[in-house]
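A quick write-up on the structure given underneath.
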Amino acid sequence: LCYLNFFYLLLTSSLSLLSPIGHGNHNEDSPFLNSADAACKKNDFYDRNLALFEEELDIRPKVSSLLSRLVNYTSITQGAKEHEEEESTEASRRKTPKSPNMGTLMGVYLPCLQNIFGVILFLRLTWIVGMAGIMQSLLIVLMCCSCTMLTAISMSAIATNGVVPAGGAYFMISRSLGPEFGGAVGLCFYLGTTFASAMYILGAIEIFLVSIILLYPLGSDSAMLNNMRVYGSICLTLMAVVVFVGVKYVNKLASLFLACVIISIVSIYAGAIKSMTHPPEFSICMLGNRTLVRDRFDVCAKTVTEGNITVPSQLWHSFCLAENMSSAQCDDYFIQNNVTEIQGIPGLGSGIVRENMWSNYQQKGEILEKAGLHSVDAHGITDNFGMYVSADIATSFTLLVGIFFPSATGIMAGSNRSGDLRDAQKSIPVGTILAITTTSLVYFTSVILFGSCIEGVVLRDKFGDAVRKNLVVGTLSWPSPWVIVIGSFFSTVGAGLQSLTGAPRLLQAIAKDNIIPFLRVFGHGKTNGEPTWALLLTGLIAELGILIASLDMVAPILSMFFLMCYLFVNLACAVQTLLRTPNWRPRFKYYHWALSFLGMSMCLALMFISSWYYAIVAMGIAGMIYKYIEYQGYVWSPMSI
């Protein structure tokens with residue numbers, strides 16, 4: 001036996017000496033024609049043989065590699081790709097498991113950017129600036145972005161503490177504070193994501209009805225709400241079918257949705273710069289100091305000249321009952337005040353910034369008026385109220401905070417796909433904080449540009465009635481308002497699809513953890529793992545948001561759930577830091593328990609500032625979930641750590 005071992009070692013050493021001499025990694029290709037492994041190795045060597053050092057390739061990727069990654073960019077959460085590959089069993093058998101290879105740019109920064117930018121930027125930020133003024137709008141942006149930045153610092157500390165778990169906020173909290181807190185936070189995050197899909201759908205339908213097909217009803221609140229419900233339900237059904245059929249379709253459109261967001265934002269900046277010398281032509285028709293609905297008449301004048309005869313205009317017929325020029329049956333306010341036109345987009349150098357600096361909150365039904373224009377106070381006919389642009393809801397600082405905060409959410413996109421990252425402990429903190437910094441700068445500069453370029457009555461015109469149903473932010477864009485209309489529509493549709501894709505998977509992860517017994521059924525799905533039952537429940541909850549039929553009412557609801565989630569993330573980091581547990585050794589060093597405590601306090605303050613009764617309801621839901629998990633007892637079997 002000893003002799004046999006000796007000859008075996010001698011034979012193997014001789015064969016190793018006869019092998020080709022080289023650098024040890026790049027051997028001759030396999031003689032078989034269909035050798036996928038050999039081709040991959042050859043391509044890998046070809047990609048790397050132009051770099052002086054291997055580290056240089058990671059820091060300075062080639063242009064071709066960067067373009068390839070941009071083309072193949074996807075914002076789908078982790079797990080969706082695996083479900084897509086399982087769609088074809090034959091392909092999944094041949095495919096070998098790939099190691100995580102996504103970097104900071106593709107894996108964290110761009111998904112966070114796409115999730116943070118959304119419907120509020122295009123549909124409500126101009127209105128917020130008009131109502132709150134530049135100073136208070138900057139304060140709103142500062143409060144919301146500071147809250148998410150502090151939460152991102154706490155999240156980075158948790159995410160870099162050992163092996164980064166897949167599953168985002170739910171797994172981070174459940175492994176830090178226990179399954180009770182994890183279940184409460186996970187369901188809050190799930191409900192927030194589900195209502196976010198409803199908000200995006202309502203935003204897309206608002207753009208579709210108001211600015212694309214001009215079907216938005218005038219002067220009829222009930223008809224408006226019913227249109228939003230009907231079209232929103234149809235859109236939700238179509239999106240749910242797309243997600244059910246396969247996430248590969250959502251995956252393929254991810255690059256298009258991201259491009260729409262970036263192009264739309266660039267067009268806003270280009271239009272603001274162009275307005276310094278050539279402001280766009282959007283005239284606003286004013287009666288006295290009151291703003292008129294521009295698409296109700298053709299000429300902004302009381303009379304028009306046809307041939308050599310002066311005849312009443314369409315505007316005259318709207319305020320007067322007589323067919324001739326007699327004023328006996330005319331509205332008193334119409335008779336005693338002049339009709340004038342003002343520039344809706346005066347431009348960056350017009351000095352309009354002084355008028356838009358301070359707040360101008362309004363009550364429901366209050367007519368939009370421009371201070372400084374001469375007006376004779378006279379009693380008007382109630383039937384003519386529909387001719388004026390008026391406020392549809394009562395506004396206040398606290399209401400605007402709740403409406404704006406969803407535009408600062410989406411910071412969990414990087415941690416949700418941590419299993420796809422090459423170096424999650426480096427990519428998550430860097431990518432998330434850079435994304436929040438970028439979006440915060442865009443919001444701050446947008447507030448200043450909107451207040452410096454656009455007339456105040458146009459800013460306060462939520463639905464663009466004074467500018468012929470154009471999106472207000474679209475009137476500033478260059479080269480055409482349609483850039484914003486089309487870009488914002490596709491970006492909101494894409495954001496809705498992503499929410500409908502991510503929310504069911506989060507619910508499925510909670511159900512598979514077996515901490516909430518009545519959710520076990522939602523852990524099952526199709527043979528490839530697609531969360532069918534979770535998608536059904538997500539669609540039903542999103543339909544509740546659609547039936548509310550108001551983006552301004554849905555936004556504070558999802559703000560509560562996201563703020564609850566962020567509150568627990570900050571709490572987890574603060575508790576772990578103060579207790580100094582042996583397993584608490586984050587790789588991310590730029591954190592402190594005081595920052596986490598400040599972030600937790602800001603989350604709690606924003607909840608009560610936005611809506612104290614919504615805050616109590618959200619905290620009650622989280623408390624009931626916590627006590628239910630604690631009371632039931634649990635058989636905790638995490639699906640993956």
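Including glycine, each Cβ sits where the backbone N, Cα and C put it.
Annotations in TrEMBL come from automatic prediction, not curation.
Straight from TrEMBL, the features:
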type     : residues : note
SIGNAL   : 1-24     : signal peptide
REGION   : 78-99    : region 'Disordered'
TRANSMEM : 108-127  : transmembrane segment
DOMAIN   : 108-272  : domain 'Amino acid permease/ SLC12A'
TRANSMEM : 139-164  : transmembrane segment
TRANSMEM : 184-216  : transmembrane segment
TRANSMEM : 228-247  : transmembrane segment
TRANSMEM : 253-273  : transmembrane segment
DOMAIN   : 369-632  : domain 'Amino acid permease/ SLC12A'
TRANSMEM : 393-413  : transmembrane segment
TRANSMEM : 433-459  : transmembrane segment
TRANSMEM : 533-551  : transmembrane segment
TRANSMEM : 557-578  : transmembrane segment
TRANSMEM : 590-607  : transmembrane segment
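Mean model confidence for the domain 'Amino acid permease/ SLC12A' (108-272) is a pLDDT of 86. Counting Cβ pairs under 8 Å that are 6 or more residues apart, the transmembrane segment (533-551) and the transmembrane segment (393-413) reach fewer than 3 and are not in contact. Among the listed stretches 139-164, 433-459, 557-578, the one sharing the most Cβ pairs under 8 Å with the transmembrane segment (590-607) is 557-578.
At the 8 Å Cβ cutoff, the transmembrane segment (184-216) and the transmembrane segment (393-413) share at least 3 close pairs (sequence separation 6 or more) and count as touching.
For the transmembrane segment (253-273), same-chain residues at least 6 beyond its ends with a Cβ under 8 Å from one of its own Cβ atoms are 70-71, 73-76, 110, 113-114, 117, 121-122, 280, 348, 442, 445-446, 449, 452-453, 473, 476-479, 483-484, 486-488, 490-491, 493-495, 497-498. With a threshold of 8 Å between CB atoms, the same-chain residues lying at least 6 positions outside the transmembrane segment (557-578) that come near it are 147-148, 150-151, 154-155, 157-158, 161, 169, 172-173, 176-177, 181, 184-185, 188-189, 191-192, 195-196, 199, 402, 405-406, 409, 545, 584, 591-593, 596-597, 599-600, 603-604, 606-607, 610-611, 614-615, 617-619, 622.
Cβ atoms under 8 Å from those of the transmembrane segment (393-413) belong to residues 75, 77, 108, 111-112, 114-121, 124-125, 128, 131-132, 136-137, 140-141, 143-145, 147-148, 151-152, 155, 168-169, 189, 192, 196, 199, 359, 361-364, 432, 435-436, 439, 443, 552, 555-556, 558-559, 562-563, 606, 609-611, 614 of the same chain, restricted to positions at least 6 beyond its ends.
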